[in-house]
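Undergrad: Shown below is the structure under consideration.
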Amino acid sequence: MKTLGEFIVEKQQDFSHATGELTALLSAIKLGAKIIHRDINKAGLVDILGTSGVSNVQGEVQMKLDLYANEKLKAALKARGEVAGIASEEEDDIVIFEGDRAENAKYVVLMDPLDGSSNIDVNVSVGTIFSIYRRITPIGQPVTEKDFLQPGHRQVAAGYVVYGSSTMLVYTTGCGVHAFTYDPSLGVFCLSHEKVQFPPNGNMYSINEGNYIKFPMGVKKYIKYCQEQDEATQRPYTTRYIGSLVADFHRNLLKGGIYIYPSTASHPSGKLRLLYECNPMAFLAEQAGGKASDGANRILDITPSKLHQRVPFFVGSKSMVEKAESFMAEFPDE
């Protein structure tokens, strides 16, 4: 049984120039995930459920657990000294870590500390998403927003933790996707899925059909396609939508499928955040043989213009994303 720590160190040896800093950074994320896992499991027994009464920069009311997870991850990353600063869905602006170690650190981290946190109250799976970049400003001085506004193809690592019937950490450093299941009796993540690949075709589509009337025509046509009877393509497909990006993505990664959060009449730019949600999931998807786009363009090629930028998101098995894109191209302005 190989642990996450052993696996990371083993892979580090494949790179002669590796310094161990990225390994230490991933270890900090692992620690943060353990703390969040522990406290999610007793969330109903302590006062960390419900809303905080505070709104974030997007105008959304933050859950208590959102803020709690944000603080725990931020503290874990700051303590290691391998991170120059972070950007978080729960922070209005970038957070610059102070001190000589931070100013000399190579990396910045972007994160959604607790995706799907509104599901906690009803005991549904939630997750943590993270994305790691090399800073582009000179070493030895504080980072700036420019270090965070990089296109997704510059990520050096990305991953997520899904807190469900078991807790799993899934990550990539650009050399495939690997998944580790947490053993709470030992306090370690153990390798359970190596070199995970999206099935090339799937029979599940994940979308909130309650918003159907607001969807672009291309999305409506694709949903209709998914629901039609056709033995050759094993249709109709099955709808599976949890309402937590991490949980929906994780299921589709293992079983095959597509996740869609399109633009709508009320959210013409989409609702998911490019930097905290779409880029890391797109990196994972491509490393697992899948595809991710905004319905027309590769997610990882989008150059962000602001921290909390939103985009439409199509991600999953490659053939399914390409079919959805074909409908979007056929009905571009409807």
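Glycine is no exception: its Cβ is also placed from the backbone N, Cα and C atoms.
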Undergrad: Of Glu228, Glu231, Glu277, Glu286, which one shares the Mg(2+) 2 site with Asp112, Asp115 in Swiss-Prot?
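TA: According to Swiss-Prot, the candidate sharing the Mg(2+) 2 site with Asp112, Asp115 is Glu277.
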Undergrad: Name the residue, out of Asn70, Asn201, Asn203, Asn208, that Swiss-Prot lists for the same substrate site as Asp115, Gly116, Ser117, Ser118, Tyr241, Lys271, please.
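TA: So, going by the record in Swiss-Prot, that would be Asn208.
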Undergrad: Need one residue: from Glu71, Glu82, Glu89, Glu145, the one Swiss-Prot lists with Asp112, Leu114 for Mg(2+) 1.
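TA: Same Mg(2+) 1 site in Swiss-Prot: Glu89.
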Undergrad: Which secondary structure state does DSSP assign to Asp115 (Mg(2+) 2 binding site), in the simple three-class scheme?
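TA: Note: Asp115 (Mg(2+) 2 binding site) is in a strand by DSSP.
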Undergrad: In whole Å, note down how far the CA of Asn208 (substrate binding site) lies from the CA of Asp112 (Mg(2+) 1 binding site).
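TA: Cα-Cα, rounded: 20 Å.
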Undergrad: For Lys271 (substrate binding site), which DSSP three-state class applies?
TA: coil
Undergrad: Excluding Asp112, Asp115, Glu277, please set out which residues of the same chain place their CB within 8 Å of the center of the CB atoms of the Mg(2+) 2 site, keeping sequence order.
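TA: Along the chain, the qualifying residues are Glu89, Met111, Gly116, Gly127, Thr128, Ile129, Tyr160, Leu245, Val246, Leu272, Arg273, Tyr276.
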Undergrad: Compare the C-alpha of Leu114 (Mg(2+) 1 binding site) with the C-alpha of each of the binding-site residues Asn208, Lys271, Glu277, and give the closest one.
TA: Glu277
